[in-house]
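For reference, the structure discussed in these notes is given below.
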Amino acid sequence: MRADIVTIFPAYLEPLRLSLVGRAQEHGTLQIHTHDLRMWTTDVHRTVDDAPYGGGPGMVMRPEPWDAALSQITARVADSRPRVVVPTPAGTPFTQRHAEELAREPWLVFCCGRYEGIDARVIETWADDEISIGDYVLAGGEAATLVILEAVTRLLPGVLGNSASVADDSFSDGLLEGPVYTRPPVWRGTEVPPVLRSGDHEAIARWRRSQALRRTLLRRPDLLEHREFAEADRVVLAAAAAEAAGRMLPAPTEGTGLIHHRDVEGPGEG
């Protein structure tokens, strides 16, 4: 995969040399090219922004540098057009499914906006995707590009040493991943669930599925909407819902206090 990133702060993308994304580049799986948008300005001040039409605070990124940059970058590979991604809080929410879709592309171009954003005419002309990484506002698109590109890179063939890691990820099957444990078997008085040390792979798979369902119900119930579940899953969800409803019970002593029970996700389920 090739990824081109256009920004006015190229140094912001230095972390892409590290860890998994850096190794993907070393192994030739991923090629990243970072471009300074100011290289396509035409005035002595290398201006990339101007006041917004209609008034209002802040500045808007001018269309001319963006058009010149994207025209030149997209012409560098003959007979191929990249998928152009603009990170923006006004975009479509980024999900694991979106990462999987982008990972199938041979060439991505990321446009990192700043200030109040990029002139809408650039978006209409060039963008294939406007993507939001959450319901909050950042100073620019660079941090979002780091997030998106790492999520995509780990899905590329051969990047992860164990392909099962991808299959077990949160969201890989639409559920959050359950709790994970390693050595020692007992730490600060808390024992690793015995089922995980039993060697019974079917029981372990059932436990992990149960924990994923429970965690998703508690933390992201929206992910369970409009889905069909097997009978075994429905039993787990019903039990988890009942336990969650019982977390706050009237205190057995006089008064109106409540007993708060711990989260229904428990390490001891077998």
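From the backbone N, Cα and C atoms, a Cβ is placed for every residue, glycine too.
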Annotated companion of Ile133, Gly134, Asp135, Tyr136, Val137, Leu138 at the S-adenosyl-L-methionine site, Swiss-Prot, chosen from Gly113, Gly158: Gly113
Cβ neighbours within the same chain of Tyr136 (S-adenosyl-L-methionine binding site) - under 8 Å, at least six residues apart: Pro89
Site of maximum Cβ density within 10 Å, from binding-site residues Ile133, Gly134, Asp135, Leu138: Ile133
Long-range Cβ environment of Val137 (S-adenosyl-L-methionine binding site), under 8 Å and at least 6 residues apart: Pro89
Nonlocal neighbours by CB distance (under 8 Å) for Gly113 (S-adenosyl-L-methionine binding site), same chain, sequence gap 6 or more: Met61, Val86, Pro87, Thr88, Gly140, Gly141
